[in-house]
Amino acid sequence: MDSDFSHAFQKELTCVICLNYLVDPVTICCGHSFCRPCLCLSWEEAQSPANCPACREPSPKMDFKTNILLKNLVTIARKASLWQFLSSEKQICGTHRQTKKMFCDMDKSLLCLLCSNSQEHGAHKHHPIEEAAEEHREKLLKQMRILWKKIQENQRNLYEEGRTAFLWRGNVVLRAQMIRNEYRKLHPVLHKEEKQHLERLNKEYQEIFQQLQRSWVKMDQKSKHLKEMYQELMEMCHKPDVELLQDLGDIVARSESVLLHMPQPVNPELTAGPITGLVYRLNRFRVEISFHFEVTNHNIRLFEDVRSWMFRRGPLNSDRSDYFAAWGARVFSFGKHYWELDVDNSCDWALGVCNNSWIRKNSTMVNSEDIFLLLCLKVDNHFNLLTTSPVFPHYIEKPLGRVGVFLDFESGSVSFLNVTKSSLIWSYPAGSLTFPVRPFFYTGHR
């Protein structure tokens, strides 16, 4: 009867994934419990919501607290297993006929209390076996939590690096075509400059593409090393107390060294190549713009939406108290118009044109078709440029000083210029602009 009860008790404390005692146990929504490391590895590639490994029921929540009750019960079960192991004749001290309850850190041996105080071992560090094992197991779990965060961070970077490499070629092809179209509007004498501009663009494309490829390979290799280390730590945690203490070695130091030199994503950036006469030509259509300023609590989610798009996460809470929006007093519906705005003192900004209907909406979304905007967002220490309709990244250096906006209703296009560099940032394809618009400016300090 006692044997049946003991077997049933052990079964309830066993993870169905690894078939060992639960380590850092968590109980998910359906009521089943697993080792946190086992669940992390099981759900690593799963889409949200993930399914329970036991009953396959969807689990909308993926972040759980440690089940303290189960953890304490597992500690009791481990203690019982340890005492069963120590009760064998082999674990009785031949000299003092006492149970070997102490562990010597120096020679990794089990000692009775009297031997641990002897002249031979007196200078060594020794601890009660169960206390030492639990202490080291907790250190391993702490290291695993750190390691898992790095695994996830590296996985996100790996995905983003692959995505950037995929977008990179298409981005450069579009930029080359845009540059050709712009030179067609200028004097034929600039043909040599156009050729040099495109050659420089192609050279930068090749160099940065190789950087992206090398970076992706490094991240992929680091991902394998991190997971191998995580698996090794997990296997160590699952070992019985005595085996854990004897086999521990330098595993913690090795796991710390794996965390060093984490590969960082490449921030690809093309040089803003000048186009002779670009700003001079557009200045013929220059207009003065006056703005109606709007209070900061207007429900505009431009930067939050773009950050969500960039990092493929849910809406991010962002303090908008330092942002303000402004709309042009004048509506444009025909002709050609050019103006400039100063963005030198802003970290995050958006400028361009929008439809009146977009302004009136309660929640202005960045993926709306009623706006043609150039956005600049600071993420960590890097500035990202994007345009809307659709949301599209531009891997080109951030403009300093003034940005030019050119409306051309004859071709149905909107263009953005780096005025300081006399460079074209982006020009929408002909036929994109088909409705009346007014200037828009949104800026802030972060």
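Placed from the backbone N, Cα and C atoms, the Cβ positions cover glycine too.
The following features are taken from Swiss-Prot:
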type	residues	note
ZN_FING	15-56	zinc finger
ZN_FING	88-129	zinc finger
BINDING	C93, H96, C115, H121	Zn(2+) binding site
COILED	129-158	coiled coil
COILED	190-220	coiled coil
DOMAIN	269-446	domain 'B30.2/SPRY'
How many other Cβ atoms are found within 10 Å of the Cβ atom of C93 (Zn(2+) binding site), counting all protein chains shown?
16
Tell me, what is the mean pLDDT of the zinc finger (88-129)?
79
If you draw a 10 Å sphere around the Cβ of C115 (Zn(2+) binding site), how many other Cβ atoms fall inside it, taking every protein chain shown into account?
21
Please report the number of other Cβ atoms within 10 Å of the Cβ of H96 (Zn(2+) binding site).
14
Which residue counts does DSSP yield for the zinc finger (88-129) in the helix, strand and coil classes, in that order?
8 helix, 11 strand, 23 coil
